[in-house]
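Quick notes on the structure that follows.
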Protein chains: 2
Amino acid sequence: MASGKELCEGVEWRIRVVDGSSEVLVPPTGLARKVWLRTKGLISGLGMKVRMFLKQAWDMGANDPRKVIHCIKVGLALTIVSLVYFMRPLYDGVGGNAMWAIMTVVVVFEPTVGATLYKCLNRVCATCLAGFLAVGVHWIASQSGDRFEPFVVGASIFILASIATFSRFIPSVKSKFDYGAMIFILTFSIVAISGYRVDKLFDLAHQRISTIIIGTSLCIFVIMMVCPIWSGQELHSLTVRNMDKLSDSLDGCVTQYFTNSNGEDDQKLQGYKCVLSSKASEESMANFARWEPSHGRFNFRHPWKQYLKIGASMRSCAYCIEALNSCINSENQAAESIKKHLSTSCLKVSSSSSSAIKELAESVKKMNKSPNMDLLVEEMNSAVEELHNDLKSLSHLLNPSTTAENQISATGLVPFMEIIPVVTLASILIEISARIEALVGSVEELVEESEMKDKIVAKEEKPEGTMKALQRV
Amino acid sequence: MASGKELCEGVEWRIRVVDGSSEVLVPPTGLARKVWLRTKGLISGLGMKVRMFLKQAWDMGANDPRKVIHCIKVGLALTIVSLVYFMRPLYDGVGGNAMWAIMTVVVVFEPTVGATLYKCLNRVCATCLAGFLAVGVHWIASQSGDRFEPFVVGASIFILASIATFSRFIPSVKSKFDYGAMIFILTFSIVAISGYRVDKLFDLAHQRISTIIIGTSLCIFVIMMVCPIWSGQELHSLTVRNMDKLSDSLDGCVTQYFTNSNGEDDQKLQGYKCVLSSKASEESMANFARWEPSHGRFNFRHPWKQYLKIGASMRSCAYCIEALNSCINSENQAAESIKKHLSTSCLKVSSSSSSAIKELAESVKKMNKSPNMDLLVEEMNSAVEELHNDLKSLSHLLNPSTTAENQISATGLVPFMEIIPVVTLASILIEISARIEALVGSVEELVEESEMKDKIVAKEEKPEGTMKALQRV
C-alpha cells in the first residue's frame, strides 16, 4: 500500500514537472493567497494590539481618575499660558520670547505638588544665578577684545558646564538640585553665548527670567488649586497600604498552611511583594514631599525621612515572609501530627503579629501613638513564648527519655525529617515577630517626631497670632 | 547656710538693679562674645561642611574616573555646539534659533550611550511629528477666520496635550517614549501657537527641526566616539558583579557561623544587600540597552530582558540569605555538638552552592555555556543529599530508641531548642540551593538566546558579505 502511494505521488510529481502551465499557475495563486493571508493576519493582529492598548489605557483611567485629572490640568495650564501669545501687550512685554513660558509649563508640570515645586524652585533659582553669572562673564569677555571674546566665552562654558555636570553625580546635590544643575548649564550657555550676537544681553536675561517666572507661577497655581496630589500624602497612604498588605500576607500564609485551605485570595497572599518593590517610589516621594508646604495634617518639615526607615523595616519583615512562603511551598511535607501540635501557637503568633501590624497602620494613619500598641506587642510576645514552649515540648515527640510518656503514645513517633519544615516555619515566625518590634520602634519614632514638629510649628505660629490680634485691636 | 546664700544672691541682685551702669555694661559684652562665638562656630562649621563636600566629590571622581570623563564630554559637546554662534553662515542658516541646538545638547546628553540615543531618537521623531501636525492645525485655524483662530489653536493644544500626557502614564509608552511624548507636547504647542505671531511658520518648524538634528547628531558623535559607556555593558557587568557578591556572602555567612570566626570581611558578608537594592538600576539599564547598536560582544537585540529575569532569580536567593543571616545572628544559640554534627555537610552545601554561582558568573561573563555547570549542580545536589542524611541522623541525638547508641554516648543528649537554629539554617540552605537551580536555568536561557541571536545576525550579515565580495570583484 505504502509503496503504491509513493509511486502514485511520484507519478503526479513528474506530470507536474512536464506540464509547464500547471507548474506556472500554482505558485502565483499560492503567493497571492499567502500575501492576502499574511496581510489579513497582520491587520487583525494590529487591530487586536490597538484594541488591547486602548483597553489598557481605559482601565488605567478608570482605576485612577486622578491621572485623567492630571492630563486635563496640563491641558488647562498650557491653554492659559497660550494667552500670552494672544494678548499683544503681554507678548511684547517679553520681547517675543513667550515660548519660554510654554516650555516651562511643559517641562515643569508634574503629577504631584512636591515634584512640581521642586522643579519650579530649581528652575527659577538656577536661571537667576546662571543669568547673572553669564552677564558677568560676557562683560569680562567683551573687555578682552574681539579676538579673545569667543575663547573666553567658550572656556567659561566648558569649565562651568563640566563642574555643574560633575555636581549632578554627588548624591546630596542629585537628590535636591539635579534639575537645577541642568537648568544652570542651559541658561548659562544660552545667555553667555548670545552675548556674541544679541546686542541687548541684559534684556535677554531679563526676558528669560520673567517668562520662566510667568510659567512657574502659573504651574504652581494650577497644581495647587485644581485637585492637588501631594507627594507627602501619597507616601503616607502608600506606607499605610503596604502595612495592611504585609499583615494580610503574613496571616494568610500561615493560616493557609495550617488549615490546608486553598480558598485564600492569592492576591492577598502575594501582597508582601508590593512591599519588596516599593523602595524606589518611596524614596522619590520622600524626596519631593520635603518641598511641599503644610497640607492636611502634615506640616512643612514633617519627618518624611522617617517613612523611609519604616519602609526599610517593612521590607525586612517582607524578606522573612518570602522565606516563610518557601517553607510553605517546600516539597518536604511535614507530618500532620506535628502540624497539629504547633498549629495553635503558630496561628496565635501570626494573628497577633498581623494585628500588631494592622494597629501600626492605624497608628500611622491617625498619626498618634496607639494606646493598645503595648498590649498588642505584649500579646505577640506571649504568643511567641507559647510557641517556644510548644517547640520545647516537641522534643517529647521524639525523645521518650523525658517524662511525657502519655503524649507520645497518643501521637506516635514521627521521623525527624518531617518536623523540619514546621520547625523552620516556627523559627522564621519568631524572627518576624522580632522584626515587627523594630517596626513598632520606627513607627513610634515617626509619631513622636511628628508631634514634636507640630509643637514647634504651633509655638512659631503663636507670636504671629498675637501680632494679628494686636493689629485687630 | 542655704538660706544665707539665697540672701546673699538676693542682695547682689538688688544691687545690680539699683546700679544702672553695671546692668547696661554686662549684656553687651555677653552679646558681642556670643555673636562672635556663634559666627566663629558657624564659619568653622560651614568650612567643615564645604571641606567634607569637596572630599566626597574628590573621592567620587577618584573612584570612578568615567564620571569625570563624562563631565569633560559634556563641556566638549557644548563648546563645539557654541561654534554655531561664532560662525556667521551657520547662525544665519538656522535663523537665529541656534539656542535650540545648545538646549538639545544640554538636555539630551546622558552618561550612557543608550540613554543618549533614547533621548535623541525620541526628540527627533517627536519634533518632526509635532511640527507637521502643528503646521496642519495652523492651516486649519487660519482657514476658520481671525475670530475663531485662537479658539481652534487653543482647543487643539488642550486636546493633544491632554492625550499625550495621558499616554505617558501607560507603562509600555512610558518605558519607550516618555521623553518623546513630552517633546511632542512642547513642539506642538510652540509651533502651533507661534503661527499666530510668526509669519513664516514653516520656516520656524524647519529651523526647530534642523537645530535639533544638529544638536542630536553632535551628541551621538561625542558620546560614541569619546570613551563610550554602554548601558548594555554596564548591565552585564553589574549582573556578573552581583553574582560574585551573592556567592561571597553565602559562603562567608555560613563559614563564619560554623567556624565562629569574626575575621571575615563585613563588607563581603553584606554584599547580598547590593543584589536586593539593584532592581531599579537593572531595569533602567535594560531599558536603555535596547536602543544601543551592537557593541563589543553584544548585538543589537541582545536578550537584555533576560538579565532582568536573572536579576529576579538573584534577588530571590538574596532574600534567603537575609533570612540565613537572621538565623546566624539569632539570640537562640545552637548547641556546639549539633553544630559540629552538621558543619561538614552545611559547609559543603554552601561552598558548592557558592562555587556554582561563581561558575554562573563566569558563564555570563564569557557568554557561553560552562561545561562544568552540570557537574557543579550535581555536586551541589549531592551535598544537599548529604545534608538531608545528616539531618535525618540528627534525630538519633534526640531519640535513643534507634540503634545509634554509641553516637549518643559520645555527644550526649541536647535540648531540642538548641538544635532549632541549626535546623532552620540547614533548611534555608537547602531552599537556597533550589533557588540556585532556578538561577542556573535563567542563565542558560540567556546564553542560549544570545547564541541564537548571534546566529540570526550572522545569517543576516552573510548575504551582505557576499554582496560586498561581489562588489569587490
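Note: Cβ is positioned from N, Cα and C throughout, glycine not excepted.
Residues annotated as transmembrane segment in TrEMBL: B:68-86, B:98-117, B:124-142, B:148-167, B:179-197, B:209-231.
Away from its own ends, the transmembrane segment (B:209-231) comes close to residues 66, 69-70, 73, 76-77, 80-81, 84, 93-94, 97-98, 100-105, 108-117, 120, 123-124, 127-128, 131, 285-286, 288-289, 292, 295-296, 298 of its chain (Cβ-Cβ under 8 Å, at least six residues beyond either end). Between the transmembrane segment (B:148-167) and the stretches B:98-117, B:124-142, B:179-197, Cβ pairs under 8 Å are most numerous for B:179-197. Nonlocal intrachain contacts for the transmembrane segment (B:98-117), taken as residues 6+ away from its ends with a CB within less than 8 angstroms of a stretch CB, comprise 66-67, 70, 73-74, 77-78, 81-82, 84-85, 90-91, 123, 207-208, 211-212, 214-216, 218-220, 222-224, 228-232, 234, 285, 287-292, 295. Beyond its flanks by at least six residues, the transmembrane segment (B:179-197) meets 118-119, 122-123, 125-127, 129-131, 133-135, 137-138, 141-142, 149-150, 153, 156-157, 160-161, 164-165, 167-168, 173, 204-205, 208 of its own chain at Cβ-Cβ distances under 8 Å.
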